[in-house]
C-alpha cells in the first residue's frame with residue numbers, strides 16, 4: 001500500500017473527517033478486488049483519488065454512515081466502508097475545508 | 001429503418017437511479033402510459049406514447065428500471081440490461097436509447113453512457129436536471145460534451161418541462177440517419193452480441209470510468225457549489241437525535257391526516273350512495289332486482305368506494321416522501337434497527353410501500369440484491385398495514401372509538417389507528433428476528449445506497465401516481481367486490497326461510513350455514529355467525545369484508561341506523577370490535593398477496609407458510625384481545 005503510514009479504513013472515521021481514497025480492498029486481490037461490494041462501491045464513485053468527507057452517522061452505534069465522495073453522497077455500513085482505504089487530509093476544521101473545496 | 005412501415009419507433013429510457021428518469025418519462029408521456037408486468041419476471045413494464053416532433057407519428061417510450069451499470073446486480077437491473085442488449089424475449093430490442101444523465105453528477109453518470117454506446121444502438125443523452133445545475137453555478141459546455149461523447153446531448157428539465165420537444169426531435173433526427181456501421185469499440189457488430197459479451201468486464205468498467213472522468217473534466221466549464229440545502233437539511237433530518245424524532249412525528253402526522261382530511265369527502269360519497277339507494281328503492285318495483293341492487297351492489301361497492309379519499313391521502317404522502325428523497329433518509333435512519341432483526345435498510349422501502357399495498361411492496365423487494373434478505377422482506381411485508389385494511393380499521397374505529405381529543409394534541413381515533421399500524425410493524429420485526437434465528441441464518445448483508453439530493457416533487461408525477469392507484473382501487477371495487485357482493489347476496493338469500501321462522505332469512509341460507517359452521521371455531525375470539533359469514537368473501541381482499549358486513553347485516557334485518565357503523569355499534573360488543581381489529585392486523589385475507597408471494601418466491605410452499613403463520617397470529621391476537629378486554633370491560 002502506498003501512503004502506508006497515514007492510511008486508514010473509512011469505516012473507522014467520524015463525521016467531519018475528510019481526505020482522499022487510496023484504494024479498495026476486495027475479497028480476492030487476484031480478481032481485481034472484484035467482489036460485489038467493492039464493485040458497487042466503485043460504481044458509486046469510490047475510486048483511487050476521489051475526495052471524500054464523512055457527513056453523518058446513524059442514530060444507533062454510529063452506523064450506517066453517510067459519506068460524500070466527489071459530488072455524490074453514499075450511505076453505507078461501517079463494515080462495508082472498511083473495504084475503502086483512505087488518507088485523511090491534515091487535521092483542519094472541516095467547515096474550512098468544505099469552503100475551500102466549494103470555492 | 002424504413003419510415004413507411006409505420007411501426008411506431010420504440011425508445012428505451014435508461015439511466016442511473018436518481019437521475020430524474022421517471023419524472024422525465026412522466027413529463028414526456030403524461031397520462032398516456034400503460035403499466036404491466038413483464039412475463040416471467042416481476043418487473044414492471046412502464047410504456048407510454050409521445051407524439052413525434054418532426055414526423056407526425058407516435059413514438060413508444062419504455063421506461064426501464066434504473067441501473068448504475070450494465071453489470072446487473074438485481075432482477076430489475078437485469079431487465080434493463082437484457083432489453084437494451086436485445087436479449088429479452090418479451091421485448092423486441094428498442095430502435096434507440098435515451099440515456100438520462102444527472103447534470104449535477106456528470107462524472108459518474110457518463111460512465112453508463114459510454115457503456116451504452118458500446119452496444120451499437122443509437123443513443124441520445126438527456127442532460128437532465130439542468131435547472132438545478134445552473135442554479136448551483138455548474139456550467140456545462142453541451143456542444144463540447146456532445147462532441148466528446150460523439151452522441152447528441154439535449155439539456156432537459158422534467159420539472160420545468162424544458163427541452164422535451166427538442167429531445168424528441170433530436171431522437172427522430174438521430175434515428176433517421178443511417179445506422180453507424182461499427183460500434184465505437186469496433187469489437188461488437190450488433191446488439192445481438194452473445195450473452196456475457198454485453199456486460200462490460202470489471203476492467204472495462206474501470207477504463208470507462210476513467211474516460212468518463214476525462215470527458216466530464218473537459219466539458220465542465222465551471223464546477224458548481226455543493227448543494228448546500230441538501231447538506232443543511234440532512235444535518236437536521238439525519239441528526240442522531242432529531243432525525244428519528246422527526247421521522248416518528250412525520251409518520252404520526254400522516255396517519256392523523258389520513259383520518260381528519262378524508263372526513264368531508266367521505267361524507268359526500270356516503271351521502272351520494274345513500275341517496276342512490278333511496279332513489280332505486282323508490283323507482284324500481286320491489287323484488288329481486290331491487291334487492292340485489294340496493295342490498296348487494298350498492299351496499300357492497302358503496303361501503304368500499306367510500307375509502308378512496310383516505311387511500312389517496314396516504315398515497316400522496318408516500319409518493320411525496322419518495323419523490324423528495326426523504327424515503328432513502330428514512331432507510332438510513334432505520335438501517336441499524338433493521339440490521340438487528342436481520343434486514344437491511346433497503347428493506348425499509350419495500351416495507352413502507354407495503355403500507356400502501358403489500359403487492360407493490362413485495363415486488364419492490366426485488367431491489368434487494370441478496371436472496372435471503374429479499375425472502376425475509378417478502379415474508380413479513382404482508383404484516384405492514386396496507387391500505388386495504390384502512391377501510392376495515394376506519395369502519396370499526398368510527399363505530400366504537402369515541403372521537404375525543406387527548407390533551408388537545410391528538411385525537412383518540414387517530415391514536416388507535418396509529419397503534420394498529422405500530423402493532424403491524426412491531427410484529428413484522430419480531431417475525432423477521434425469529435426468521436433470522438431459524439430459517440435464514442447467516443451473515444449480515446451489505447447496505448450501500450446513494451442519498452440523492454432533495455428535490456421539489458413533480459406534480460405531474462404525483463398526479464399520475466395517484467391516478468394509477470385510484471384506477472386500481474376502483475377497478476377492484478368494481479370487479480371483485482361487485483361480483484363478491486352479488487354472489488354473497490345470492491348465497492345469503494337462498495334457500496329462503498322455512499315457514500314460521502324466528503330468525504332473519506339469512507340465518508337459514510347457504511351463507512348462514514357456512515357462517516354458523518365457522519362460528520364454532522370463531523366464537524372463542526368473540527365472532528358471531530354474521531362476522532364469520534362476512535370473513536369468507538373477505539378472503540378475496542381485505543376491504544371486501546366491509547362490503548360483506550354491509551350485505552350480511554342489511555339482509556339480517558339488523559340495519560337500525562343509516563350507516564353500517566351505526567348498525568355494527570348496536571350489533572357488536574366493544575370486545576368483539578377490538579378482537580376484530582386485532583384479527584385484521586394479522587389475518588392474511590388477501591388472495592392477490594398470496595399469489596404474488598408465490599410468483600416472487602417461485603415456490604408454492606412460501607404462500608402457504610405465510611398464510612399459516614398469519615392465521616395463527618391473527619387467532620392468537622384476537623383471542624387475547626377478546627379475553628382481556630372482556631375481563632376489563634365485563635362484556
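Any Cβ shown, glycine's included, is placed from N, Cα and C.
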Transmembrane segment according to TrEMBL, located in which of B:268-285, B:448-465: B:268-285
Folded-back contacts onto the transmembrane segment (B:576-596), same chain, C-beta under 8 angstroms, at least six residues removed: 42, 358-359, 362-363, 382-383, 385-386, 388-389, 392-393, 396-397, 399-400, 420, 423-424, 427, 525-528, 531, 535, 538-542, 545, 568, 607, 610-611, 614-615, 617-619, 621-626, 629, 635
Across the domain 'FeoB-type G' (B:8-177), average pLDDT on the 0 to 100 scale: 84
Chain residues outside the transmembrane segment (B:506-527) and at least six past its termini with a C-beta under 8 angstroms from it: 488, 491-498, 533, 535-536, 552, 555-556, 573, 575-576, 579-580, 583, 619, 622-623, 625-626, 630
Top partner of the transmembrane segment (B:413-435) among B:268-285, B:297-327, B:377-401, B:539-556, B:608-626 - counted as Cβ pairs under 8 Å: B:377-401
Among the ranges B:268-285, B:377-401, B:539-556, B:608-626, the one whose Cβ pairs under 8 Å to the transmembrane segment (B:297-327) are most numerous: B:539-556
